[in-house]
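Below: one structure, written as structure tokens.
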Amino acid sequence: MPMDSLLLGSFTTPSILTKGRNDWRRCNLRNVDFSGSYGAYRVSKFRGWNVKETHCCSGFQPCSLKHCTKSTETSVFHYRKNNRFLVNAAAEQPLESEPKNVLNSAKDALDAFYRFSRPHTVIGTALSIVSVSLLAVEKLSDFSPLFFAGMLEAVVAALLMNIYIVGLNQLYDIDIDKVNKPYLPLASGEYSVQTGVMIVASFAILSFGLGWIVGSWPLFWALFISFILGTAYSIDVPLLRWKRFALVAAMCILAVRAVIVQLAFFLHMQTHVFKRPASFSRPLIFATAFMSFFSVVIALFKDIPDIDGDRIFGIRSFTVRLGQKRVFWICISLLEIAYTVALLVGASSGFLWSKVVTVLGHTILASILWSNAKSVDLSSKAAITSFYMFIWKLFYAEYLLIPLVR
């Protein structure tokens, strides 16, 4: 039997749907005169229907309803002459599909939040804190439940603050993102401004709350300074919105990614978790210096694919000032310099295993970077964006090597 059938004529025992207090009911019509009244009826065996409002087109007479029983099987719908009423109970989706619809809605919501959270920054933050936490490990016995609990506290608090920072930036960049990143939830309209504000405020409060509960001053100060710099970077008030100024914007990113993450989270593990006196080891100094180069590259490179929107809205980034090609090769040169320094540091290690791994690892990364850079089509926004994501992968890879520098 076809899914819907269109019948023209009258029924032996026609039925209509009337809305009760809590549900729709099917009622049989008895002793109703349908003579001379013909209409089109959509009949379905499905259990659900969409109800639309329109004018009746036939001359049905008022009727009395008897023997009303709950039904979810069929629907025939014409009632009241010349009145606006609920008409056309056409079955489009069965009730059985409701769990699937709920599942799809949940997937859409998760996908929107995934894009809102800027996952490449989330991964970078988590990896950096884990890597820096490992720098505080001095012996195998340090791998204790206390170590993992302290590291988890730092990661969760930092990720909450990370989402606050990237979310706030999107709130103040909606018009720019409609040009540069139309897939983001605020730019695409999936999130309203009120939803964005609610998410951002909630994550900031949760981050500070967790930091306060943990009771680690290095952790709390890391969150607080990140909050101040992230807010000043994005918020559009006099003397702030530092992202408008290329050098200041780069310094903000460098301060958070290169200095605060390395020093504050190391001190969190060293002083709060292990209860040891503060110290700055050779691997920590290397990590801070190397990530300073990398943070500058990220700060410069992120604007290369966004040149159109930045130019339209007056964001004077280095890319707008110098051009995409020049900034691109400046970034590549800075990274190659950083890898060269890393090779020298690795070669000077007193541990053979550290020397081999760090020298070989940085050589491979430097070679891959140069090979990929030569093949990038700088006239293609998609190619530049893809390479920017590749830069983040190199960023992740470095945090895998840093704990091995000794």
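Glycine residues also receive a Cβ, built from the backbone N, Cα and C atoms like all the rest.
Copied from TrEMBL, the annotated features are:
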| type | residues | note |
| --- | --- | --- |
| TRANSMEM | 122-140 | transmembrane segment |
| TRANSMEM | 146-172 | transmembrane segment |
| TRANSMEM | 193-213 | transmembrane segment |
| TRANSMEM | 219-240 | transmembrane segment |
| TRANSMEM | 247-268 | transmembrane segment |
| TRANSMEM | 280-301 | transmembrane segment |
| TRANSMEM | 327-345 | transmembrane segment |
| TRANSMEM | 351-370 | transmembrane segment |
| TRANSMEM | 382-402 | transmembrane segment |
| note | Tertiary contacts of the transmembrane segment (280-301), defined by C-beta under 8 angstroms and 6+ residue spacing from its ends, are 128, 131-132, 135, 249-250, 252-254, 256-259, 261-263, 266, 318-319, 327-328, 330-331, 334-335, 337-338, 341-342, 345, 388, 391-392, 394-395, 398, 402-403, 405-406
| remark: Between the transmembrane segment (382-402) and the stretches 146-172, 247-268, 327-345, 351-370, the largest tally of CB pairs under 8 Å belongs to 351-370
| note | Answer key: the stretch among 122-140, 146-172, 219-240, 327-345, 351-370 with most Cβ pairs under 8 A to the transmembrane segment (247-268) is 219-240
| field | For the transmembrane segment (219-240): best-contacting stretch of 122-140, 146-172, 327-345, 351-370, by Cβ pairs under 8 Å | value | 146-172
| said: Do any residues, 6 or more residues outside the transmembrane segment (327-345), come within under 8 Å Cβ-to-Cβ of it, and if so which ones? | reply: 286, 289-290, 293-294, 296-297, 300-301, 303-304, 318-319, 358-359, 362-363, 365-366, 369-370, 373, 376, 378, 384, 391, 394, 401, 405
| field | Other parts of the chain folded back onto the transmembrane segment (146-172), taken as Cβ under 8 Å at six or more residues beyond its ends | value | 116-118, 121-122, 125-126, 129-130, 133, 137, 184-187, 193, 196-197, 199-200, 203-204, 206-207, 210-211, 214, 216, 219, 222-223, 226-227, 230-231, 233-236, 241, 243, 261, 265, 268-269, 272-274
